[in-house]
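Taken from TrEMBL, the feature disulfide bond applies to C253-C322, C282-C342, C324-C331. According to TrEMBL, the transmembrane segment annotation covers 9-29, 452-474.
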Amino acid sequence: MDYDVLFPLLIRITIVVAAALIIGGIVVACEFSVLIDAVVDRMVALRPGAKTFGWWAKPPVEPRISLYIYNVTNADDFLSNGSKAIVDEVGPYVYSETWEKVNIVSNDNGTLSYNLRKIYTFREDLSVGPEDDVVIVPNIPMLSATSQSKHAARFLRLAMASIMDILKIKPFVQVSVGQLLWGYEDPLLKLAKDVVPKEQKLPYEEFGLLYGKNGTSSDRVTVNTGVDDIEKYGIIDKFNGRTHLPHWTTDNCNRLDGTDGSIFPPHIDHDRVLYVYDKDLCRLLPLVFEKEVVTSNEVPGYRFTPPEWVFADVDSHPDNMCFCPAGKPSCSPNGLFNVSLCQYDSPIMLSFPHFYLADDSLRTQVDGISPPQKEKHQFFFDVQPKMGTTLRVRARIQINLAVSQVFDIKQVANFPDIIFPILWFEEGIDSLPDEVTDLMRFAEQVPPKIRVGLIVGLCALGVVLLLLSTFCLIRNSHRQSTLHLEGSNYLATAQVDMNKKQNKDNQPARY
């Protein structure tokens, strides 16, 4: 092919390639993150056989729960003389946990159903003493019964007093730490087993704050896999066949569409509100962004905590009115949440430890509880935003008993209306295994570097090719001009020579 035809064609091709490279760089700048998000979505979705599925089914972590018990040191004086109760915080008593989801079944609608198995193992090496340590605490079964009887017929209260007298039941019990947590035989519960109609019986015969929790739960949980819709990843679809709780006054407050706290839908930003559901909380717990954090193994995360209004009274936060099914008089004081509807009507109130974020008058109803400290008593989740995986947890909750004074029952006639603290606990994890955090660091750090590299590389190569094409065009144009000029000069010289020859031929011959 002639040079004059081939060269311009090559230049045009080079310009097109350069433009394509520059456009490619712009596309990468705009759309690369979308591609990475799609890869992350596919990687984290719960597909049986995938590595992330294995981590979800049997988390490669060792959660711990640390419990601190409010030991009552002046029970007799409190009951006899009306003195303020004095408590001594005893703890921690630490248990390591293993979690495993069992009986996993895949459903046709993009969900998985399972039962959760939790095994608790006492760690005396991390505790202040053995499980045999003895504490004195309010008699929760007795005080629950007396408080519930406050508005019953008087003869029932008198009958209850007689029964308690016969059974020698007292408002405070002396039990070991292990008994308080895992169960001891209670005479009231034993009596209820014999006299209460079968349909009204409690599902246990002993009383313990963690009774029945060491093993496989009977609760059947159904969660979304995220395969069809990543925005539903890990979110509860049904809990024991229900899509909503039956306790509260609005569908919004009865919602169950949170996660178990181990995973959340990925691509989390500061404006996202996360929701955690736990049966013992009796509601969805909202979590809002507080700050950015970096874990001990250098994985960046976002810290989410419950908003300050989560346990606020209805005067401070009217939206909490939905948690008062019996009307405003039944609403909890500021900083408490009434879970009695989930605890067989026992007047259990939850708060944060040391009444953190609650009215200080609740803390000072008894002596011995120090002022709350955010570092020690705040509830928080640290979450990796790209993948939605929980990095670190401190789930801190305090269990309190709302006692009502009942004058007709002599055993508690001097027990005033009070929110009596029982214990608080801290459950959580400190870190994840290197195998998991390495993947998180890769997802967080490598794609941005690849993106920058591709943008710079494509655009730089495109610009270089464009400049080279321009340079070649200029040189070719200069060459063409030179050739044209040389051709013109050659033609002019030839024309002069031809004219001279013609002139010579036209001259007459001389003889």
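Going from the start of the chain as shown, residues are counted 1 onward.
Backbone N, Cα and C atoms are what each Cβ position is placed from, and that goes for glycine too.
Here the features listed in TrEMBL are placed on the structure.
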residue	record	contacts (Cβ under 8 Å, 6+ apart)
C253	disulfide bond	L245, R283, C322, F323
C282	disulfide bond	L245, H247, F337, V339, L341, C342, Q343
C324	disulfide bond	T249, V314, S330, C331, S332
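Neighbour density for C322 (disulfide bond): within 10 A of its CB lie 17 other CB atoms from the protein chains shown.
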